[in-house]
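Peer 1: Below are the structure tokens for one structure; questions will follow.
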């Protein structure tokens, strides 16, 4: 559509204004082509007729309010000067935002106030972000440059320009600070700090106070920051341009010389400056000319300390600093040298001038030569040399010229030294250049300096225009839009005018070649050669100046001083004096420079060459040098990707946040911002994505268009309908391009549509309200009319007789109704009294029964507790007796072993003798003895089997008797149940009968009431309805209570099932008892074997005796011996002696064997008695446990706890399995030794086993019958309780909930005490079983020893792992270096590695081997560090080792032996404590290691979570139907974004669900690794702090997120996070507290922001936000629609005033890198080390369990 069609009513335009440049007005009537004027209304209400005669153009249109305050000026629909000015003003004055984008330019307005937007937190917030993601900032430009350098491997440049005082230096400094922060190299040289440290030095020697700026840079600077391949800073280099040397000798009013001079004068009294003989700054001519000695708020002494500190930081030592200060002091003294005039043509210097003497002394030159050649000049003629005196004026100029040259040389030399200090060994890969250069300047008097500055800006502007043109072309090509040539201003003619052949600089250099050349002659040449140029003009009223039409403005230059400043000459005589100086530094300044210095640094040299030594070498003028250096600069910039920062000075008074539109528009024109706007306006400035357009203008779409599935096609269809002219927009691949004004037209259509919808809604609402009001009035009028007419009719018809009769009827009705009501009341009263009497009686009886039951329960508890105490005492006494018996058995065993040894010796001697006598007889007698022995054993075994069978039959009889008793008890309970049921039914019938009587009575009353009058009938009906409702309510209450009873029954059933499961666990005890019986049988077999061996020994003894004696008697033997005495007396004596010894030995041995047998038999009887007693105790325990099981129906939690505590049963099973294993070993050994007796023993043992199994089966059957009886009894009790509850419900007397809870609590405490007693009893039985097992082992060991094959007695595990010293490396490698967390987490217990390592530590402590223990601990710590270092990004491994390090630390504490860590240990765990070494130092090292792992673990999780936070928490639309997106047309200016040309936005990839899923992944991994809940809470709290702080920082840096709808979205997302914490049971971690600032921001975005009450509420509610943050949010608040209001500046000021009293941080950003202090609370482990098994998958076969 045509632009003129937009000039309609309600639209606004801009009209010129002398004071504010532009002012706004609203159109009152639609404009039609041909109209000569516009009817406007100004903002103050004044109406104005704006003339349009003479072909004057229409005034520029104003943008819709929805676009005002945009981040990018090119996003405005109408692009023109007033729109730019107004947008900058709104952002700067109202929103307090100083940065704004203008295409590729960053416009920075100087606030003249310190702002909290440059901290490290802000740098971290912008790091890694795309340029359009956050609000405009210098850090965003720096980040874009850094990113493009890293991504494209191309050098970058940041061009900072602007007027003096606009903030160029500060912006450049912040850019370099950003690079230093984001590219930390970590090297010891700290190159970043050195780069930043160069700024104070260059500012000290190159900055000065001017009327416009207290810290004005008086030189141009291009700083190249070099990066290596890892994009870390390795060095820097500076080029300088056009130093203002004249400031050294002259300053204008209210200005100062360079800062360094005043800093030195302020420190004149310090010892290091004493030798310079400095005075105050007010006493030197060069520092007092401007009249300003001090700057308000600046401490020159402190600045000097900072300057010297930075010198030291750069490595420029004291000698260098001393030389610099000597040169500077000499310049000051040279300025104080007094030159006097002898006559008009001569001058002289006093011979005793102190300052000249000081100058010469400091510089090492001759005083006489200086005094002479300052006032004279040598002229070389063809035949002679003439010395000519100089007038005073020329002598003073020569002195000042020397001072300027010395300072210029010093400046260049310091810059060279700084460059050398910033040069670090290493190859440069790329660089980023920061150009801090003066902007376009125009003053009342413009000279050579302004000419050079404006010339440089023309070159920069040309480069800028070409770059903008190139970017526009690339954008169109990327979006597949036909490229059209854009007409833009080309300033090449101006550049040709200056630098072309026979241009201004060429003519100036030519005139400088003539010794007698003057400024007038040069100016005349300009008029002659350039007068015809369109961009060159001659002023009409002046012959001393010329004018050039620059790109920004027309500038008039005064020609005076051009030649002198261009020549920049110094007399040769003074140069020779300086060259001959004793001061090496000064002499070096004036020596001839070598052609090639040999330096090969970053191929960058100072842009301004040093001054040559003679006039012959000074042919190169300043203009030529500047042109050459500018050419090099442009060559560098063209080879890089430029980024532009334009600094704007808002006012001349340096007032904070004051906006002078006239000054701002001048600078906008001068710095090319408006030219950028003009270029953008000629193309398609507004560029929206299809998603943004669809979301914004879906309200303009029809239903048929909305049904289209493709959003891109929908946008095309809508635009073709709304804007028929297709030239006004273009469809790209990802965006829609609009010409200027089209977005405003679409906004107008949208606003009109919304306005029409609002009007329709208002129409219907107002109509409805009017109709309702009319109907109400009409109804009221009808009622009034009815009443009036009724009264009127009554007055006409009612007589006295009628009134009398009516009154009488009323009296009769009154008495009748009173009688009826009293009768009904009395009837109800009697019924109520009767019901209350029965109810109170029933309740009294119930209380009596309850008191009796409680009394009986107390009596039962008294006897039960006494019985438990007695039983505990008896058990303890039995335990003591067992210990004593065990000790005695051990003593006897030792004696038996000693006797066995002696018997073996005697047996060997006897056997040798018997073999010598008769071998054949021995075999026969041995067989007979063996046969007799077997016969005896057979009879003994048969007798024992009969005895066991009788005992089993007796036990069966006893159990059958018990069963009969239980059956009788069951029958009695059933009879009691029937009686109770009959009684309950009778009571129920009574109550039912009473209720029926009540109903019949009510029915009679109802029938009586029917005969009354109509009014009485209605009252009776209401009463009947009420009674029926009450009955219905009672029935519903009854049904509800019955339902509740059924639910309680279900709950009781579930608890009973749990109790049955617990009972099953307890039933394991009979299995254990069975195992003990088996062991007793094996013991009996061992006893049999022992007795058999004794019998064999005895038989052998008898055999040997018979063999020795033969058939003869003792007397025959004596006679025989006497007869042989004569033959061999000696032999006979020996035989008799041997026989006597053998006989005595046989008797002793037989006696000992008999005693041993008796002892063994007594011990066996004692053991059998103990075993039987243990069985009885177990049976009693089981019976008692089953009797109490029916009471545990309401204590499910206690059941769970008891189940967990009864897990000791698996340990018993394990011990029994160990006993079985040893038993099998013993059995195999016994079978090998007694193979000949195996058949008979097997038969006997099978018979015994059958008898025992039959007994066990009978016991199990009886047990099952007993259980079934108990179940039936429980069912009967349940039915009784149900009937009782139903009866209670019918009588409306229910037990209150508090009483039920108290009863349950009492019952729970009672059962808990009983269960504790049961646990104690189980522990006592366990110890008794272990003691018996030990005794059995001892017997088995003794029996095996008698067979000469004694097996090793198995030791109880001590919870230690033994390893060899050479296996320590394998241990560390397997358990630490090569251990995979996933396998351990899935297949093994958490903390397994930590427990295994600690068991190895315990063994080293057990051995008291300090070296081994120290080596192991050091290797463990070193290996963990190595693993963490190698896998710093492995989340699972970090989680695994954080958990294991924590467990290992807890083990060291738990088993350290310190009382504070042993409170929750079991007695066995206390035995496992370390005995010999204190590992507290290693605990501290492990704690530090755990902290490091924790921080690395947090960093990995933060890196994974951080990319999801902003898209998920802030950008994702979690509330359907509430869109908080405000499309602004902001195009991504960065070439690093959307490189593929598609919509690669990651916002759609993440949502709050993604965050919750990632958090759940973290939490599940931590739980899988067995991490303690307290530590998990700390980790989650840290992650939530990252979410909160990152979100808050992003909101503070993005004004598009500051809207009411976005606040609703944020509040919804916070609720999702809170729900996740509740689901994971992590609310106690205080993680939600870290989201407090974010929650308050969400509230602040939604609350009203208009009244004083709102301001007070904001102050009260936003307690966790700083005042700076609150003000920032209020200033950044951006309405989504035109119907929302912006926050008024007055309201912001109110809130700011209220917040001034608040104390707290003034920081804008939250520190997202903050870490909460982590603590590792001690948690004792329940893991028993002695039961820990080593998985075979770990291949730790070299470890041995001890």
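The chain as shown is numbered from 1 upward.
Just so you know, glycine gets a Cβ as well, placed from its N, Cα and C.
Predicted automatically and left uncurated, TrEMBL annotations should be read as such.
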Peer 1: Could you check which of 1229-1254, 1255-1280, 1281-1306, 1307-1332 is flagged in TrEMBL as region 'Disordered'?
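Peer 2: The listed stretch tagged region 'Disordered' in TrEMBL is 1255-1280.
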Peer 1: Could you check which of 607-629, 630-652, 653-675 is flagged in TrEMBL as region 'Actin-binding'?
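Peer 2: That would be 630-652, the stretch labelled region 'Actin-binding' in TrEMBL.
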Peer 1: Determine which residues of this chain, when 162, 163, 164, 165, 166, 167, 168, 169 are set aside, have a Cβ within 8 Å of the centroid of the ATP site's Cβ atoms, and list them as they appear in the sequence.
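Peer 2: Apart from the listed residues, the neighbours are 110, 213, 216, 217, 439, 647, 649.
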Peer 1: Within 10 Å of each Cβ, count the other Cβ atoms and name the one among the binding-site residues 164, 169 with the highest count.
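Peer 2: It comes out as 169.
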Peer 1: Could you give me the DSSP helix, strand and coil counts for the region 'Actin-binding' (630-652)?
Peer 2: 9 helix, 8 strand, 6 coil
Peer 1: Would you mind listing, in sequence order, the residues at least six apart from residue 166 (ATP binding site) in the same chain with a Cβ closer than 8 Å to its Cβ?
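Peer 2: Residue 166 (ATP binding site) has long-range Cβ partners 108, 110, 213, 439, 647, 648, 649, 667.
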Peer 1: Non-local Cβ contacts of residue 163 (ATP binding site) (under 8 Å, 6 or more apart, same chain)?
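Peer 2: Within the chain, residue 163 (ATP binding site) has Cβ neighbours under 8 Å at 212, 439, 441, 647, 649, 667, 670.
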Peer 1: A 10 Å Cβ contact count, applied to the binding-site residues 162, 165, 167: which residue has the minimum?
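Peer 2: 165, out of the binding-site residues 162, 165, 167, has the fewest neighbouring Cβ atoms within 10 Å.
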Peer 1: Once near-sequence residues are set aside, which residues in the chain of residue 168 (ATP binding site), 6 or more away, have Cβ atoms under 8 Å from its Cβ?
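Peer 2: Long-range Cβ contacts: 160, 161, 162, 217, 436, 437, 438, 439, 647.
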Peer 1: Could you check what DSSP calls residue 164 (ATP binding site) once collapsed to helix, strand or coil?
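Peer 2: In the DSSP reduction, residue 164 (ATP binding site) maps to coil.
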Peer 1: For the domain 'Myosin motor' (68-751), what is the mean per-residue pLDDT, to the nearest integer?
Peer 2: 83
